[in-house]
Amino acid sequence: MQEEVTMLDALRAEFLGSFGAVPFEVATIRILAAILLGGLIGAEREWRRKPAGLRTHMLVSLAACLFHIVGMELAQTDFGVVGNMQVDPLRLIEATTAGVAFLAAGLIFTAGGRVRNITTGASLWLAGAIGLAAGAGHIPLAMLATGLVLILLAVVAAIERHHDPETGRDDNPA
């Protein structure tokens, strides 16, 4: 006698069974960590009234994390291809970093002979790296990097304000 499979059972199996490399619960923790850690950097940028703030950094970190998890899942997928084809998750990481760098470069401009928003562009690029680390399951490394970024941004900004109290800028020229 064959067991009847309901639509709900089929959906549940499809949803939960689609995770091979990273279990759903682990993926959820990694994604939430990426959002939180990217958000911490974004909050610092938002507090300094920079163009890419909380939401942007959270989204970039989340996207990078998701790209890494998807890459890990694809690396375990049998595409039905015979031969020497291998899935290289590093290519996905390279594409992710290039995409984030493109977004970060869009923030940077020159005004009055000074380069603007380069620090925010760099922090956005780093939020992508932190998302990749979280997606790879290296959450302690992502946390360490986030803490170091926040310390660097605060300390260097204080030094620059002391050095150039008129502008209080935190983006170095050229």
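Every residue number used here counts from 1 along the chain in the order it is shown.
Including glycine, each Cβ sits where the backbone N, Cα and C put it.
Annotated in TrEMBL:
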type: DOMAIN; residues: 31-161; note: domain 'MgtC/SapB/SrpB/YhiD N-terminal'
type: TRANSMEM; residues: 20-42; note: transmembrane segment
type: TRANSMEM; residues: 54-72; note: transmembrane segment
type: TRANSMEM; residues: 92-111; note: transmembrane segment
type: TRANSMEM; residues: 141-159; note: transmembrane segment
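Residues 51-52, 60, 63-64, 67-68, 70-71, 74, 117-118, 120-122, 124-125, 127-129, 132 of the same chain, all 6+ positions outside the transmembrane segment (92-111), place their C-beta atoms under 8 angstroms from a C-beta of that stretch. Residue counts of the domain 'MgtC/SapB/SrpB/YhiD N-terminal' (31-161) by helix, strand and coil are 99 helix, 6 strand, 26 coil (DSSP-based).
Mean predicted confidence for the domain 'MgtC/SapB/SrpB/YhiD N-terminal' (31-161): the pLDDT average there is 89.
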